[in-house]
Amino acid sequence: MKLIPVPSESHGVFHSGDTYLLVFNSPECTNIFVWNGSDTSVDEKVAGAIYSSQLHVHLGEKPVQNRETQGNESAEFMALFSCGVTYLDGGVSSGLHHASKDPESPKHHLYHVRGRKQIRATETELRWESFNKGDCFILDTGKYIYVWSGSKSNMLERNRARDLANQIRDSERRGAAKVEIIQEGEEPEEMIEILGKCPETIRDGSAEDDKEADERHTRGAVLYKVSNASGQMQVSRLGDGALFHKEQLLTDDCFILDCFGKIYVWKGKKANKEEQEHSLETANQFISLMNYSPKTQVQFVTEGNESPLFKQFFSNWI
């Protein structure tokens, strides 16, 4: 497997069957993100982890490594995309989604745009039952790209839907398609031809659907010491709830900070080489041991290159 550059006009657009490697530089630190789609193969996940580790070493082991999964991205990752992210079916190389640049293409696509602080667009089933009053939808017919706004949708969703429609027009239609903004109840004839007769009532959207529920940040964290001396991973709970002290992080060991929904794997400079090189395996074993979702966010931290979000859990870290 090899890395393929993503054109700038497609930044923020992710195929569910692929793995992506992103590098973000800021004055404070460098972040490496590995994003895995919901349908990504095991081989691609492994390749992404290997490339991330190689890049980490190439950059002097200073970057912070992050693992992201579709639909459960961290706030740091989402902040990289001011207009939100878009999920497309299939993979770039599979041809399962790539919409034709030919505006005459008969293939139709429907996207569901929703959210409040973090707007996401996801391809959904091509039928009226997919619609609701609280969100926005984009119907891509090839010649026309319709932006449909539910009567209870918010302004951020409407703006994101419009921006995405323009992005599809410019990057996949070479500017040849026409974008039309329509409101609930003003559906054009072509939409009806594709989707069938419009129902008398569109279902209401759920407020919970739009909330980026982040209760994990209000719960206490738990710090674990990790050891594989016996040949199997063993974790020792060091404390929870209150703030920790940075002196608890010993340079010759590895630790996991469990924040309920996101875990940090901290690697000491003098930790044994096997523990350092198998940090991804350590994270996966821990997630399995705790019966957490495989979509759990993971950030890999090396001693001396801790992120501010990691340091905030330690009372005396300046």
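Think of each number as a place in line: the chain as shown, counted from 1.
For all residues, glycine too, the Cβ spot is worked out from N, Cα and C.
Because TrEMBL annotations are produced automatically, they should be read as predictions rather than curated entries.
Copied over from TrEMBL, here are the features:
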DOMAIN    4-78  domain 'Gelsolin-like'
DOMAIN    118-192  domain 'Gelsolin-like'
DOMAIN    244-310  domain 'Gelsolin-like'
Taken over the domain 'Gelsolin-like' (244-310), the model's mean pLDDT = 84
Tally the residues of the domain 'Gelsolin-like' (4-78) by DSSP class, grouping H, G and I as helix, E and B as strand, and everything else as coil.
-> 24 helix, 23 strand, 28 coil
Over the span of the domain 'Gelsolin-like' (118-192), count residues by DSSP class, listing helix, strand and coil in order.
-> 25 helix, 22 strand, 28 coil
Kindly report the helix/strand/coil residue split of the domain 'Gelsolin-like' (244-310) according to DSSP, in that order.
-> 22 helix, 18 strand, 27 coil
